[in-house]
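Asks: Attaching a single structure in structure tokens format; questions to follow.
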Amino acid sequence: MGSGKAFLFSPSLLWSQTRGVRLIFLLLTLHLGNCVDKADDEDDEDLTMNKTWVLAPKIHEGDITQILNSLLQGYDNKLRPDIGVRPTVIETDVYVNSIGPVDPINMEYTIDIIFAQTWFDSRLKFNSTMKVLMLNSNMVGKIWIPDTFFRNSRKSDAHWITTPNRLLRIWSDGRVLYTLRLTINAECYLQLHNFPMDEHSCPLEFSSYGYPKNEIEYKWKKPSVEVADPKYWRLYQFAFVGLRNSTEISHTISGDYIIMTIFFDLSRRMGYFTIQTYIPCILTVVLSWVSFWINKDAVPARTSLGITTVLTMTTLSTIARKSLPKVSYVTAMDLFVSVCFIFVFAALMEYGTLHYFTSNNKGKTTRGRKLKNKTSASPGLHAGSTLIPMNSISLPQGEDDYGYQCLEGKDCTSFFCCFDDCRTGSWREGRIHIRIAKIDSYSRIFFPTAFALFNLVYWVGYLYL
């Protein structure tokens, strides 16, 4: 063989070379896998971005303006939707912000509401990725709006600060929502027979002004009306009990109109009138009874007390009437004040009667003694006896009896015997014997008992019956 170096095969060298190739192949595989995953992620991200762009394309102001211009082109806001085809259905909803105050003098109440109306207008349908157009009040005058008015409103104010409190929304299917905030002074005719224990249902009525029911139909959007928290309402003398809504039809010369009504049930709080009227009246009546325990000879004290209580009741009755309208019927408070006045006046008259007859008693006793002295020597009469003319009838009287006549007059002598010297004699049997000196004792029992019975009947009758 020729000369040269011999090639020597080494197993260790072959193993190291194979190991290096495997390592390089593994690194290449990992690198390619990362590249593929990154590429897949980028593809998924691009696909997601493409989907988002397709479902929600960006809407520009020019697109909305173009939609509005196309809707208003050829639109006549003087004509209602579906005129000549079918009635326009108006769904109404009311949110009550507050009620009060209630004015019983003018018989009206104030209410703050958000009034919402919804209807369909096929002329306002549009095709767009936007489902609803949220517009301000400037658009209201350009489309047809229902001519709804509040029938029992005396004064209504729309809120304009800082901007007109009106909202208009148009959906792509032609549905229109129109809301506005109103403050209304509405009539509420109060029946004051049970005042101040009265309850009232104050209505709020609205309907179309010119469209009868064959043109416009009103419906409630919800079964009940929503209200804010009543504890912030300025009802003062009243408490909010609840509300209810109804639908009625009014028959008029111009047609049949649908009337929507909300009734606000109110109950009067008695705290103010209890403190201002009832308690002072009761205390004044009780004060008038003090005269029954004062000596009947204390004329200035009993007279001044009686006159003072009468004048106090007159003042209380005048003050109580100031919070009421000038109604022609008697209210529950009028009845109570009048009865209290009668009790006070009767207490004064009781002392007047007592003083009158006790004064006559003394004068007639003196005259009777003089007459007895003159007739003591007359024949036919035993000693110690005298004849006293009593309504054309002469009766013998003892020396210890009063020498004065009974009450003059047919009625009195027929039913009453008012003095001690009238108690004897068969012709006085069956009559009521009243001793003038004991009228105060009778009054101490009669007046409180009668007043307590009146209060029992009064409060049970007005509060529970």
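Along the chain as shown, the residues are counted starting at 1.
Including glycine, each Cβ sits where the backbone N, Cα and C put it.
This is the feature table in Swiss-Prot:
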type: DISULFID; residues: Cys188-Cys202; note: disulfide bond
type: CARBOHYD; residues: Asn50; note: N-linked glycosylation site
type: CARBOHYD; residues: Asn127; note: N-linked glycosylation site
type: CARBOHYD; residues: Asn245; note: N-linked glycosylation site
type: SIGNAL; residues: 1-20; note: signal peptide
type: TOPO_DOM; residues: 21-273; note: topological domain 'Extracellular'
type: TOPO_DOM; residues: 295-300; note: topological domain 'Cytoplasmic'
type: TOPO_DOM; residues: 321-328; note: topological domain 'Extracellular'
type: TOPO_DOM; residues: 350-444; note: topological domain 'Cytoplasmic'
type: TRANSMEM; residues: 274-294; note: transmembrane segment
type: TRANSMEM; residues: 301-320; note: transmembrane segment
type: TRANSMEM; residues: 329-349; note: transmembrane segment
type: TRANSMEM; residues: 445-465; note: transmembrane segment
Asks: Would you pick out, from the glycosylation sites Asn127, Asn245, the residue whose Cβ has the largest number of other Cβ atoms within 10 Å?
Replies: Asn245
Asks: Find the average pLDDT over the topological domain 'Cytoplasmic' (295-300) in the predicted model and report it.
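Replies: The answer is 90, the mean pLDDT of the model over that range.
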Asks: Once the chains shown are all counted, how many other Cβ atoms turn up within 10 Å of the Cβ of Cys188 (disulfide bond)?
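Replies: The answer is 21 other Cβ atoms.
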Asks: Going by DSSP assignments with H, G and I as helix and E and B as strand, what are the residue counts for the topological domain 'Extracellular' (321-328)?
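Replies: Breakdown, helix to coil: 2 helix, 0 strand, 6 coil.
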Asks: Using all protein chains in view, find how many other C-beta atoms are within 10 Å of the C-beta of Cys202 (disulfide bond).
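Replies: Around the Cβ of Cys202 (disulfide bond), 23 other Cβ atoms lie within 10 Å.
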Asks: Looking at the recorded positions listed here (Cys188, Cys202, Asn245), whose Cα lies nearest to that of Asn127 (N-linked glycosylation site)?
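Replies: It is Asn245, whose Cα lies nearest.
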Asks: How many Å lie between the Cα of Asn245 (N-linked glycosylation site) and the Cα of Cys202 (disulfide bond)?
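Replies: About 11 Å separate the Cα atoms of these two residues.
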Asks: Given a Cβ distance threshold of under 8 angstroms, which distant residues of the chain, six or more beyond its ends, lie next to the topological domain 'Extracellular' (321-328)?
Replies: 104-107, 190, 192, 195, 273, 334
Asks: For the topological domain 'Cytoplasmic' (295-300), could you work out the same-chain residues 6 or more beyond its ends whose Cβ comes under 8 Å from its Cβ atoms?
Replies: 351, 354-355, 358, 440
Asks: Can you count helix, strand and coil residues in the topological domain 'Cytoplasmic' (295-300) using DSSP?
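Replies: Helix, strand, coil within the topological domain 'Cytoplasmic' (295-300): 2 helix, 0 strand, 4 coil.
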Asks: Which of the three DSSP states, helix, strand or coil, fits Cys202 (disulfide bond)?
Replies: strand
